[in-house]
Amino acid sequence: MNNKTKKGINIVYVVCVLAVIAIMLVAAFTTTADSVKQTAWALFPPIIAIVLALVTKEVYSSLFIGIVSGALLYSGFNFEGTFNHIFFDKAEDGSNWGLITQLSDSYNVGILVFLVILGILVALMNRAGGSAAFGNWASSHIKTRVGAQLATVALGVLIFIDDYFNCLTVGSVMRPVTDKHHVSRAKLAYLIDATAAPICIIAPISSWAAAVSGFVPGNKNGIALFVQTIPWNYYALLTIAMMIILTVSKTEYGPMAIHEKNAILHNDLYTTTDRPYANAEEQETGSKGKVIDLVLPVLALVVFCVLGMIYTGGFFATGEDKTGFIDAFAGSDASVGLVIGSFFGLVFTLILYLLRRVLSFKECMDCIPEGFKAMIAPILILTFAWTLKGMTDSLGAAPFVAGLVEKSASGFMNFLPAIIFLIAVGLSFATGTSWGTFGILIPIVVNIFDKSGNASAADYKMMIIAMSACMAGAVCGDHCSPISDTTIMSSAGAQSNHINHVSTQLPYALTCALVSFVSYVVAGFTKNAWIALPFGAVLLLVVLLFFKRNEDRKWSASELKERAQE
């Protein structure tokens with residue numbers, strides 16, 4: 001990045017910060033702490049953070065400015081109240097708002113420990129030479145860029161248990177392969193992200209199915225309702241179709257086209273100079289490593305994580321507390337289960353490498369701080385993102401959005417699935433959490449169509465469509481948001497600059513969102529999945545072919561020839 005570009009970014013950053021200060025001054029003189037709650041002001045902090053991050057390419061300060069603005073609004077611009085809200089405040093129901101309370105939450109701590117252990121595992125596999133050996137083996141079997149990308153998609157689909165586990169595992173395994181075939185890190189991050197939440201939300205045996213079923217009110221069978229929503233989950237299904245179409249047809253557009261062009265023509269996997277994982281790439285690699293030094297640790301990790309999750313769900317309990325496999329998943333604690341699984345996966349890997357003598361004990365211990373350092377960036381972003389969500393919750397974003405849904409239900413019944421989809425996208429994008437969006441909207445949707453528990457066949461069908469629209473919109477917003485935990489972990493898994501990942505993925509996600517919105521309009525009127533889904537698939541294909549035609553015009557004949565040979 002030259003000095004002129006840096007100066008331009010600095011000017012934009014200053015202008016954006018001054019604009020935020022001006023808006024906050026207006027709020028200080030025109031609002032009170034009570035008047036901003038459960039209003040559009042509740043969405044101001046995350047919107048500010050997201051806009052700043054996308055415009056300035058600087059994520060840490062953008063998130064922190066969003067946090068401070070939320071605390072100022074909540075406290076009525078009182079200094080002491082603002083400070084306490086940023087760091088220490090909790091809700092009356094025990095929900096965490098402040099940064100310190102977020103870090104004291106057992107679920108959040110479990111996710112951070114899981115991240116650190118995964119970082120250590122990746123460092124071990126790299127130091128042992130397992131990643132390099134697997135990359136060499138795969139490059140002799142996977143001959144093309146298309147094959148490397150399809151293999152990434154296939155692995156992502158197979159690891160449907162949990163989105164966090166998916167993001168980091170797929171990235172660790174496939175990064176050596178995609179690097180050898182000149183697939184940009186931004187494209188790898190997109191493939192990881194698009195096979196995380198979109199796959200989990202249509203997999204009945206996953207932590208996501210458990211979450212959704214838990215949000216269904218009353219005595220309804222949550223898992224049964226979840227399964228019925230799958231054919232109507234257009235964003236998830238169309239995202240899978242989109243990945244395959246983009247890969248097979250070699251179609252790229254928007255900022256992703258620049259990243260892929262640089263990767264193909266110049267072997268530049270990053271495009272930008274900001275490479276937060278550069279130190280990890282410079283790590284020493286052992287010469288004794290074999291393919292099994294990556295495959296066995298990954299398989300052990302998968303097995304132990306599955307066992308850990310069903311253990312927390314009561315699968316290994318005795319007597320009345322014992323549950324079946326599916327019920328154990330539905331009742332599992334993903335945070336605890338993943339920590340248990342990753343810990344035993346780490347122990348297995350250490351024993352394997354020591355017995356095979358590919359690493360000495362000292363080399364194994366040296367990988368611990370290296371793995372931790374590699375995860376500092378996602379840990380910081382996650383911590384700030386959780387705190388920003390706490391600010392949004394404290395300002396009453398949930399009741400505000402719930403009111404919008406209930407108002408929409410009164411006069412736009414056939415359009416309601418499409419409206420719910422848009423509201424879910426906006427809420428999930430602003431808060432960075434799809435699960436939080438489920439928790440807010442699913443009970444409202446169920447009560448709109450089946451308040452008494454005796455819904456007619458037509459109302460029941462609309463309830464399923466609307467529930468699916470809520471789930472699809474939540475995943476879409478999560479997919480687009482730079483403060484989403486899965487988006488952050490996808491960047492970490494691909495070892496990509498986070499803002500590069502967000503800016504390159506956004507046009508793809510918005511394309512799929514637009515087609516999904518139209519599909520939900522069709523579904524609201526036809527109430528037939530076999531009409532709306534094929535309609536959406538055809539529309540998506542037409543749109544992508546249009547983008548391909550326009551983008552191909554920007555490539556010279558020699559560049560197109562080189563791309564075809566990759």
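Note that Cβ sites are derived from N, Cα and C of the backbone, with glycine treated the same way.
Automated prediction, rather than curation, is the source of TrEMBL annotations.
Some features that TrEMBL has for this protein:
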{"type": "DOMAIN", "residues": "202-525", "note": "domain 'Na+/H+ antiporter NhaC-like C-terminal'"}
{"type": "TRANSMEM", "residues": "12-33", "note": "transmembrane segment"}
{"type": "TRANSMEM", "residues": "107-125", "note": "transmembrane segment"}
{"type": "TRANSMEM", "residues": "188-212", "note": "transmembrane segment"}
{"type": "TRANSMEM", "residues": "232-249", "note": "transmembrane segment"}
{"type": "TRANSMEM", "residues": "294-316", "note": "transmembrane segment"}
{"type": "TRANSMEM", "residues": "336-355", "note": "transmembrane segment"}
{"type": "TRANSMEM", "residues": "418-446", "note": "transmembrane segment"}
{"type": "TRANSMEM", "residues": "506-523", "note": "transmembrane segment"}
{"type": "TRANSMEM", "residues": "529-547", "note": "transmembrane segment"}
### Message
Within this structure, do the transmembrane segment (107-125) and the transmembrane segment (294-316) have 3 or more Cβ pairs under 8 angstroms, counting pairs 6 or more apart in sequence?
### Response
yes
### Message
Should anything in the same chain at least six residues away from the transmembrane segment (107-125) have a Cβ under 8 Å from its Cβ atoms, list it; otherwise answer none.
### Response
96, 131, 164, 168-169, 172, 280, 283, 293-294, 297, 301, 333, 335-336, 338-339, 342-343, 345-346, 349-350, 353, 359, 364, 367-368, 370-375, 378-379, 382-383, 386, 485, 489, 492
## Note on the structure
Rounded mean pLDDT within the domain 'Na+/H+ antiporter NhaC-like C-terminal' (202-525) lands at 84
### Query
Short question: which residues 6 or more past the ends of the transmembrane segment (12-33) have a Cβ under 8 Å from it?
41, 44, 48, 51-52, 55-56, 58, 65, 69, 72-78
### Task
With pairs restricted to those 6 or more apart in sequence, evaluate whether the transmembrane segment (188-212) and the transmembrane segment (418-446) have 3+ C-beta pairs under 8 Å.
yes
### Task
Look at every Cβ pair spanning the transmembrane segment (529-547) and the transmembrane segment (232-249), keep those 6 or more apart in sequence, and say whether at least 3 of them are under 8 Å.
yes
